[in-house]
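Novice: Sharing a structure, written as structure tokens. Questions coming.
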Amino acid sequence: MAAMTTDTTGGAARDDVSRPGGPADSPFVRACRRRSVPHTPVWFMRQAGRSLPEYREIRANVAMLESCRRPELVTEITLQPVRRHNVDAAILFSDIVVPVAAAGVDLDIVPGTGPVVAEPVRTAADVQRIRPIGRDDVPYVDEAVRMLVKELGDTPLIGFAGAPFTLASYLVEGGPSRTHAKTKALMYGDPELWHALAGRLAEMTLAFLRVQIEAGVSAVQLFDSWAGALSEADYRRFVLPHSTAVLAGLADAGVPRIHFGVGTAELLGAMGEAGADVVGVDWRTPLNVATGRIGPDKAVQGNLDPCLLLAPWPVIEAEVRRILDEGRAAPGHVFNLGHGVLPETDPEVLTRVVALVHELSTRPAEGA
Ligand code: CP3
């Protein structure tokens with residue numbers, strides 16, 4: 001009953017707020033909140049996916065977007081890495097373009113390529129056609145999160161979404177891009193249209209994350225994977241207000257907010273300012289340097305180079321030790337990769353990394 005009185009949002013996750021050992025008291029959520037932890041929590045971006053034979057098997061005859069719309073399949077795929085690796089958190093199996101498709105944009109996820117948009121966004125009318133979304137537009141996400149929260153018990157589930165810049169890049173380019181040239185051309189050439197697009201994507205992303213939080217996720221991660229393409233000044237002018245609308249818009253939601261991008265060494269401070277509790281750091285910036293840029297009031301997440309997992313074990317072990325040492329400079333550390341697991345990664349190496357992080361970071365119980 002006590003738990004009910006602390007429930008301010010009606011979300012399923014809030015029921016666990018005051019339950020010791022529940023997901024909101026897990027090492028992962030505690031580290032995000034800069035509280036003491038029994039060990040450094042660890043999970044991997046893209047932990048559910050092609051590195052796992054059981055994933056390749058179950059996905060063999062189902063297209064990527066279709067698989068994101070089947071709650072039983074989403075639940076099974078999300079649980080696969082949790083069963084196998086003993087990670088401290090699950091991440092919902094989905095994709096950043098799922099809400100974009102739900103908002104009416106004609107797109108597909110092409111194997112080996114990524115999201116491809118049929119009619120790239122060029123005009124104000126194109127922006128207008130991106131409809132606002134709510135729970136009823138993504139019932140399969142709501143259902144999958146509810147099933148997962150039950151299945152996962154005390155293991156926290158991370159919800160996620162793409163940030164306005166990264167989503168806009170796919171919409172404007174029509175697909176993946178190395179330079180983001182069309183996106184930048186629109187940003188610099190027609191700032192009004194840019195802000196209309198990014199503003200609309202921010203509303204969509206906020207609504208999408210609220211659906212996941214209401215359904216019971218214990219944390220959310222906002223992926224601005226390609227923000228590192230921008231200078232800090234342009235990031236602050238064109239992107240920060242929109243990412244802030246999303247993250248600061250969730251300040252009352254009661255779950256930690258992680259903000260991640262790749263190649264963002266120059267943006268780490270600004271990305272924290274957007275309203276994150278945790279800033280994700282890629283492998284280019286040591287975590288002690290990163291925390292100096294982000295400040296003492298935020299935790300960090302990262303940052304083993306995913307390519308390093310292809311190296312011999314002694315090399316991996318040394319890097320894990322270095323990252324744990326550097327992470328001690330931060331007021332909270334969630335161990336992760338600097339970007340997603342590569343499909344060619346040996347899953348047994350991932351399991352071994354989890355065990356090593358736990359072993360090296362186990363602290364004596366408080367007061368013992
Ligand atoms: O385990 C997890 O991390 C959850 C699953 C997840 C997927 N996509 C599944 C997926 C997450 C968190 C994402 C987010 C996502 N999608 C991002 C942000 C994270 C990042 O990597 O920076 C981005 C940029 C996308 C867009 C996207 N979708 C790309 C670049 C690709 C890869 C294309 C390819 O085939 O190499 C996808 C497809 C995708 N999303 C796959 C998975 C497992 C591969 C498709 C498949 O398995 O058939």
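Easy rule for this one: first residue shown is 1, then count along the chain.
A Cβ is built for glycine as well, from the same backbone N, Cα and C atoms used for every other residue.
Okay, so TrEMBL annotates it like this:
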type: COMPBIAS; residues: 1-12; note: compositional bias 'Low complexity'
type: REGION; residues: 1-28; note: region 'Disordered'
type: DOMAIN; residues: 41-50; note: domain 'Uroporphyrinogen decarboxylase (URO-D)'
type: BINDING; residues: Arg46, Gln47, Ala48, Gly49, Arg50, Asp95, Tyr170, Ser225, His339; note: substrate binding site
type: SITE; residues: Asp95; note: site 'Transition state stabilizer'
type: DOMAIN; residues: 158-174; note: domain 'Uroporphyrinogen decarboxylase (URO-D)'
Novice: Between the Cα atoms of Tyr170 (substrate binding site) and Asp95 (site 'Transition state stabilizer'), what distance do you get, rounded to the nearest Å?
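Specialist: That comes out at 13 Å between the alpha carbons.
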Novice: On the 0 to 100 pLDDT scale, where does the domain 'Uroporphyrinogen decarboxylase (URO-D)' (158-174) sit on average?
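Specialist: Across the domain 'Uroporphyrinogen decarboxylase (URO-D)' (158-174), the average pLDDT comes out at 98.
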Novice: Validating a neighbour-count step here. Other CB atoms within 10 A of the CB of Arg50 (substrate binding site): how many?
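Specialist: So the number of other Cβ atoms within 10 Å of Arg50 (substrate binding site) is 15.
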Novice: With the Cβ under 6 Å from ligand 1 as the test, give me the qualifying entries from the recorded positions Arg46, Ala48, Arg50, Asp95, Tyr170.
Specialist: Arg46, Ala48, Arg50, Asp95
Novice: Give the distance between the Cα atoms of Arg46 (substrate binding site) and Asp95 (site 'Transition state stabilizer'), rounded to the nearest whole Å.
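Specialist: Cα of Arg46 (substrate binding site) to Cα of Asp95 (site 'Transition state stabilizer') measures 10 Å after rounding.
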Novice: Tell me, if you would, which residue among Arg46, His339 (binding-site residues) has the fewest other CB atoms within 10 Å in the structure shown?
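Specialist: Least crowded of the binding-site residues Arg46, His339, by Cβ count within 10 Å, is Arg46.
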Novice: Indicate whether Ala48 (substrate binding site) is helix, strand or coil by DSSP.
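Specialist: Ala48 (substrate binding site) sits in coil per DSSP, no helix or strand.
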Novice: Write out how many residues of the domain 'Uroporphyrinogen decarboxylase (URO-D)' (158-174) are helix, how many strand and how many coil, based on DSSP.
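Specialist: Residue counts in helix, strand and coil order: 10 helix, 5 strand, 2 coil.
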Novice: My understanding is the cutoff is Cβ-Cβ under 8 Å with a sequence separation of 6 or more in the same chain; which residues meet that for Ala48 (substrate binding site)?
Specialist: Tyr55, Ile77, Thr78, Gln80, Pro81, Ile91, Phe93
Novice: Considering each pair of residues in Arg46, Gln47, Ala48, Gly49, Arg50, Asp95, Tyr170, Ser225, His339, all listed as binding substrate, report the largest CA to CA distance in Å, no decimals.
Specialist: 23
